[in-house]
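What follows is one structure encoded as structure tokens, with my remarks underneath.
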Amino acid sequence: MGSECGPGGSQSRAVWCAHSEGWTTLHTNCDQAERPENQQSCFHVCDWHKDLYDWQLGAWNQCVPVSMRSTGVIQRPAVCLHGEEGIQTREVGCVQKADGVPAEDVAICEYFEPKPRLEQACLIPCPQDCVVSQFTPWTSCSKMCGTGLQNRVRFVLAPPMFGGSACPNLTEFQICQPGPCVGPESLYSLRVGSWGPCSVPLPRTARQAPTLNQGKDGKEERVRGRGRVKDPETKELIKNKRNRNRQNRQGGKFWDLQVGYQTREVTCVHRSGNADALSLCSQESLPVTYQACVLTKDCEVSDWTDWSPCSKDCYELNGPTGEHTRTRRVHLLPVGGGAECPELEEKEPCTPQGEGVPPCIVYNWKTTEWTECRVDMLLSQQDRRRGNLTGLCGGGVQNREVYCVQATSVDPASSALKSKEASRPVDDDLCLSPPPNTTQLCHIPCPVECDLSSWSAWGPCTFENCLDTAAKKGFKLRKRRVINEPTGGTGSCPHLVEAIPCDEPSCYDWLLVKLEECIPDNERECGPGTQIPQVQCVNSDGEYVDRQLCRDAILPMPVICEVPCPKDCVLSPWASWSLCSHTCSGKNTEGKQMRARSVLAYSAGEGGVQCPNSIALQEVRSCNDHPCTVYHWQTGPWGQCIEDTSVPPANSTAAGVGVRGGDSSCSVGMQTRKVICVRVNVGQVPPKKCPESIRPETVRPCLLPCKRDCSVTPYSDWSACPATCKEGGNTKRKQNRKRIIIQLPANGGQDCPEVLTQERDCEAPSVCLGYRWKTHKWRRCQLVPWSVRQDSPGAVETCGPGLQARAVSCWKQDGGPADMGACLKFASSMPSLTQPCQLPCQDDCQLTTWSKFSSCTQDCVGVKTRKRMLVGKSKKRDQCKNNQVYPLSEIQYCPCNKYNAQPVGNWSDCILPEGGRVEGQPGMKIQGDIKECGQGYRYQAMVCYDQDNRLVETSRCNSHGYIEEACIIPCPSDCKLSEWSNWSRCSKSCGSGVKVRSKWLREKPYNGGRPCPKLDHVNQVYEVVPCLSDCGQYVWVAEPWSVWKVSNVDLKENCGEGVQTRKVRCMQNTMDGPSDSVEDYLCDPEEMPLGARDSQLPCPEDCVLSDWGVWSRCSLPCNKISTRERTACLIRQPGEGKLCPNTTETEPCSLNSNCYHYSYNITDWSTCQLSERAVCGSGIKTRMLDCVRSDGKSVDLKFCEELGLDRKWQMNASCVVECPVNCQLSDWSPWSECTQTCGLAGKLWRRRTMLQVPQGDGRTCPRQREQWKPCPVRPCYQWRYSPWSECKSEGARCGEGLRFRNVSCFVSDGSGQEEGSLVDDEMCGNLEPSVDGDKRVTLEEPCTSPCPGDCYLTDWTVWSPCQLSCVSGDDLGFGSVQVRSRAVLAQEPENLLQCPEQEWEARPCTEGQCYEYKWMTGAWRSSSRLVWCQRSDGLNVTGGCPMTAQPVADRSCDPACNKPRSFCTEAGVCGCEERYTEVMTSDGLLDQCTVIPVLEIPTAGDNRADVKTIRAVSPTQPSNSLPGRAGRTWFLQPFGPDGKLKTWVYGVAAGAFVLLIFIVSMTFLACKKPKKPQRRQMYNNRLKPLTLAYDGDADM
């Protein structure tokens, strides 16, 4: 197969013949006719076919039940609860995208995308029956006498769906007979038909002759006589008047008014519905069968104009599109009910295209520079004094302002011209992207304080400058060093060197390193000798130098010593010198230190060296003999950086607009500081007292920061003036503009301008563009042509009903004609063009219309009148002068208007005065500089009513619409805590422990104050940090051993057993050695040296050894095989014949006794530790490392370090304390428009949004994000229809007629809870004539008045509420539906077969509601009860409830339950009332109801023991009578007729059970052994463990 794409390829496969058992055989053994193909053509798919082929998905078919697919028959479940599962299918094919032609192979589409599924599960909902309401009450009888019908109807609430039952009959009839008729019953009625189509009368020529013939009676002649005008002047006047009338007929070209006529049929009908002769209907006059009409003309419009240019004249890729329009004009307006005009304007989105289209202006957000980082106090720092807050550091918040500007152009030439425009602020709505953040977290570096080491020991007296020793001036120095890198360098640290003047200085001296062993003189073994000192030359800093430098120093001499002989006194070596008693020497103080030694063995007395006296056993020497006058250099702070004139300035123009906090500099300056010599505890002294060589610097160079001027944007454009076309727009409007500071001045730069906003009055408002309809004079009344009327009885040619028309034109509000389309679009509905009219006949009375009522000069006094007049010949007719029939004046009393005002509605929110600026005060919430609490005002609306309790304008009550009163918005108060307590002592005296400090609650937060941190159960918060106690900070110090006290005294030898004692004290260890005594408990008791010892005092010539040395260390790991040892040194050789004891002592190593293992122990992390002045941000958390002995004791770290154990833990880690970010809200928005145009419930709202979410301990947002106040109450005037009148067929009893209604002005309070009150129509004069939003006011409509005997349909009911298809309250997703219906009404029993079918119709709707249906039952009355279906909203209905679950409504028993105290149970058997039991016959029927007897224990021979219960063995089966038993058998029944146990049986069982429990309990209590008296346990009052955290506060 080739590699080409598309059809034409081939595929092959192997084909072989196989035996039925599976092995391969020859091809000839298989039928060759059935051999499958081994090759087929195929389509070679390539990647570019993806653009040519795609799956085509068909629509899903109807949902088919799963059961039908398997059996072919729909098997509906007996009870449907949630619907039935089904499957729906669809067709899926692979087609070509271009023309939809199926592809050659489905594999083409499968190559790119799997084939979509062909089936999916679906749900067939349960059938829903039609649901109808209950019947209405019966109507009155259709006849006043004889036999008639009464009707009652019901209406459809829910249509049948998903195969549910159809709707039942909506009407029920019943015959009624009010009484016999007196006289013959009227059987015929005159019925008028509907008006026919409007016809054009015949041309005048066609009816000329008849008109002339009829004119011979003189009437036509009189008309013509009135029409003849022979006077030329009169002719000219008439001509001019006609010309003026033609000019006034504005808009006549927009319609074709042609008056025609229409007729109707009048018939006489029988009650059976059949038509008969008119003569059978007895009526004085027949109704009119003709009337004038306007021929129907549809609206005619012109063709569409061309599309207007696109409203957007620039190109933008992803921006909004523009819009272009096209219009058409009205050529002919509809008349006579013709088709309405279509839309006269069309709009479409558009995008300008072409090479010359410029790109659109782009707007971007721009930001000012960030403000300085502001650090807010945490609650833990809130008690610091206000003066210390300037040094706060760590995490903080900084803000900036965001504004919208025009983006700069890419072209450099145009950008230079538009740079000012590009930075000018514009309306924020022009920037479409999300605005940048206005708040961010920042960090102020915390100053690092100097961390100093301890003072070193005082050095030797040395020259200030060893290179210049001529001055003979010396100093003793002591030093300390900086062990960290402080902020600002080491120059800001305290002094590091202190000096003491001294005499005889030297730069180099000999240092005694050690004394060699005592060597006896003359090479003897014992006796006097010398110790040679080992020395080293050192400088004043203690460093080893060349020995030649110490040539001028005094070399230490050899020390005289003595090696005791066997008979000599033996003394211990000198102890170390004690600490110096004073640090310096003065007049009254002198430093001393001492050392001592003791007698180890006394001499023999003869020939031996005697022991010295006790005084010689101690030595004292002077120390620290330098005077107590310490000097040091003290430095002041560095001064301000000033310009150094000796250094040329840098190029200052290079420093433009820098960033705040940057290190841009413009020149080099210098700083100076004051340096003085200070004597400790005295003050400043002359500089010569301090060493000049270590004098600090007084001048240093510095960098001068650049000056930075304030930078502001140009002024924005003036804001648009508010729309002036609203009513009451005569107030002076303002417009403003602003500019924004984008850079604040720094380092002496130019200050910002004070004025950032400008305001001016708007120009004079232009005249609002509006349109109105203008009506013109009614034309003369046109009658139906005489040729049509002449055959009607009583017709008169020159009078009667007709039709008159008028012209309507479109005008601008400010005057001048306008296009008709403008009024159709913007004005109210067009006034009517025609109206019925009446040409008075010769005998009719003609009157003018009523004038307006005269005005009342004062309320409650006088009357107001209106008048009309007779016109024409009516003035002379006597019947027209009858004032009772034709009154010429009307009088009304002037209204007695009384008004009363009263408050309405709730009080508004408490509103602070706008523009209130306040200074920050403790406890007061400040957002920016807007006051958030304090005194404000709240408002309540006032309403005004007249004496008829009708709502009127509030000005009638001399009220401005509000009452106001002062109110208080409480200021928030933060949680207040105490200051931190002092740190506790470290919990361990050796190794790592914790130390704690705490603060407690002083005041809870309220009114939205900052919340408290988590407190424990005693309202405290703790801070815990690890601490490390040096295991060597407290040491045991033992004084020398006392003189031996020999117990077994050999007076001659002064030797033998004895006791030595010494004092042992716990002392604080320092760098200089143990210093002060402390309490013994601070030292380790296990390591306390012995205070007394028993030993053997050597006799003369005995061997004398030194004290034992320290034990050697056991080898690790500890085991009993290894040993440790200690040694003693030989001090005196033994005499002849005497031996020395062992100088070495060993003992086995035992774990946790004298041998220990060591390991590291790591503590938990501490809380996050910040710098001293930091409130939040980055910090450090630490943990400690312990060295722990195998017996659990913490020891010095050196034990683990000496073993080289692995230290893999990190001791410090960075951490973050969340910064307190206060909530920030925007400014209040302007007050909104009133939520209602009228009424009592209108509100004005203003809102604000959250700009910054609170974090950490920041203040939470105020709950009130929106405020309201009432609108001034305005009466709600509206046009409202009166009810329709009854249908009246003019001149006939039934048939087609008209019904009428009026429109009147009503006033209400807008709540919708009251009907409103009728007021004069003048109150609605400013309203557009519309009712319920419909501008087409319909005051009459055709109707049908049924004739006696007719069967007809009622009017349509109102649409039912929207109803969803639900199961258990869950929407099935089939949408919602509503329904309306028409029922049948009948009047004659004989005509029921002629009745039309009832009707109902449904339509989809939105926002439906789920309804549930359930059966309801009433109480049983005898053997029946009421059962009905009720909807979940409480409405009783028919349908909707499942018939399979309908409760039983009848429970009749057979035979009837006629025994006394018996009734029929729900099971259909007879039972007895409460407190009675059934006595049954042998065949299981109720025999009688008897009172439940009291059971007695029968005695022997008592036949009453034979009473049995038949149902004890088989409760449901009757038993046969026992043979030989006379009479009827009766039984005491524990079982009821329904087979269930009766209530009294349960009561007896429960009583027996309670009695049994009581007996068992009493038996147990009687047999129980008494308890031994318990001793009250005493508990030690141990300290409770410290709670380090508490999740919440119970009473917060």
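Using N, Cα and C of the backbone, Cβ positions are placed for all residues, glycine too.
TrEMBL entries are annotated by machine, without manual review.
Given the structure is predicted, the values throughout are model-derived calculations rather than measurements.
Positions annotated as domain 'Spondin-like TSP1' by TrEMBL: 130-181 (among others). Confidence annotation: the domain 'Spondin-like TSP1' (130-181) carries a mean pLDDT of 90 in the model.
If you look up TrEMBL, you'll see 206-229 marked as region 'Disordered'.
Positions annotated as compositional bias 'Basic and acidic residues' by TrEMBL: 216-229.
As annotated by TrEMBL, domain 'Spondin-like TSP1' applies to 299-352 (among others). Look at the domain 'Spondin-like TSP1' (299-352): DSSP puts its residues at 0 helix, 19 strand, 35 coil.
Feature annotation from TrEMBL assigns domain 'Spondin-like TSP1' to 569-628 (among others).
The feature domain 'Spondin-like TSP1' is assigned by TrEMBL to 710-766 (among others).
For 975-1017 (among others), the entry in TrEMBL reads domain 'Spondin-like TSP1'. Applying DSSP to the domain 'Spondin-like TSP1' (975-1017) sorts its residues as follows: 0 helix, 16 strand, 27 coil.
Sequence annotations record features per position, and here TrEMBL assigns domain 'Thrombospondin type-1' to 1455-1494.
The transmembrane segment feature in TrEMBL is assigned to 1544-1567.
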Three-state composition of the domain 'Spondin-like TSP1' (569-628), taking helix and strand from DSSP: 4 helix, 19 strand, 37 coil
For the domain 'Thrombospondin type-1' (1455-1494), residues assigned helix / strand / coil by DSSP: 0 helix, 17 strand, 23 coil
Tally of DSSP helical, extended and coil residues in the domain 'Spondin-like TSP1' (130-181): 0 helix, 24 strand, 28 coil
